[in-house]
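Taken from TrEMBL as is:
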{"type": "SITE", "residues": "Arg10", "note": "site 'Important for substrate specificity'"}
{"type": "ACT_SITE", "residues": "Asp70", "note": "active site, proton acceptor"}
{"type": "SITE", "residues": "Thr71", "note": "site 'Important for substrate specificity'"}
{"type": "SITE", "residues": "Gln153", "note": "site 'Important for substrate specificity'"}
Amino acid sequence: MLHLASQSPRRRQLLEQLGVDFAVLDVDVPEQRAPGESPRDYVSRVARDKARAGLAALAHAGDALVLGADTEVVLDDEVFGKPRDAADAVAMLRRLSGRTHAVISAVWLVGAGGEQCEVCESQVRFATLDEPAIAAYVASGEPFGKAGAYAIQGRGAAMLAHLDGSYSGVMGLPLFETARLLRHGGISPAG
Ligand SMILES: Cc1cn([C@H]2C[C@H](O)[C@@H](COP(=O)(O)OP(=O)(O)OP(=O)(O)O)O2)c(=O)[nH]c1=O
């Protein structure tokens, strides 16, 4: 049985797109970048921790496979996670305005038989945002719970001037890479 170790409704929705059966596991792992850890290593480690925590939470793991994922926005080697509050969201959006940032998503598939990982990196160019636009976007509530304080799948799409990479990866679960992991694990996604 496939499990998705995630509380994110976006990841659930994205995995459903692949047409595979799965159950959801609630996991909560600390997300703190270690000193000297590269953004890519950090994202991968957190995704692995989520998948491992999910596997550990199963009473009878048997031949279960658990997917864990993490997504972060990276600008100038700085990692932007989910904003703490409105002021943090405003600060992130000011920094992203008019610039190109990376979105890194990592996915791990773990089971008793082993562990495999895929990392997907996209480049996103933001429009230049003025203060009223930032204030209105934060007031909409959409930035909360989203890395970098925006959602490509929502009103945030209006601020994305260019995407070079994976739409599903930016949204939280890169589906091309996830499907490849599942096939390696013996699960055939639809299509
Ligand atoms: C950049 C971007 C991120 N996001 C979301 C995806 C993730 O839910 C979130 C990044 O936070 P994560 O820590 O990756 O995930 P999470 O805490 O929401 O869920 P879980 O750890 O339980 O799996 O940002 C969007 O929905 N749209 C976007 O455009």
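Glycine too: its Cβ is placed from the backbone N, Cα and C atoms.
In TrEMBL, annotation is done automatically, which means it is predicted and not curated.
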Other CB atoms, at most 10 A from the CB of Gln153 (site 'Important for substrate specificity'): 17
Rounded Cα separation (Å) that holds between Thr71 (site 'Important for substrate specificity') and Arg10 (site 'Important for substrate specificity'): 12
Of Arg10, Asp70, Thr71 (the recorded positions), the residue whose Cβ has the fewest other Cβ atoms within 10 Å: Arg10
DSSP-derived class (H/G/I helix, E/B strand, else coil) of Arg10 (site 'Important for substrate specificity'): helix
Pairwise Cα distance for Arg10 (site 'Important for substrate specificity')/Gln153 (site 'Important for substrate specificity') [Å, integer]: 9
Whole-number Å value for how far Gln153 (site 'Important for substrate specificity') lies from Asp70 (active site, proton acceptor) (Cα to Cα): 17
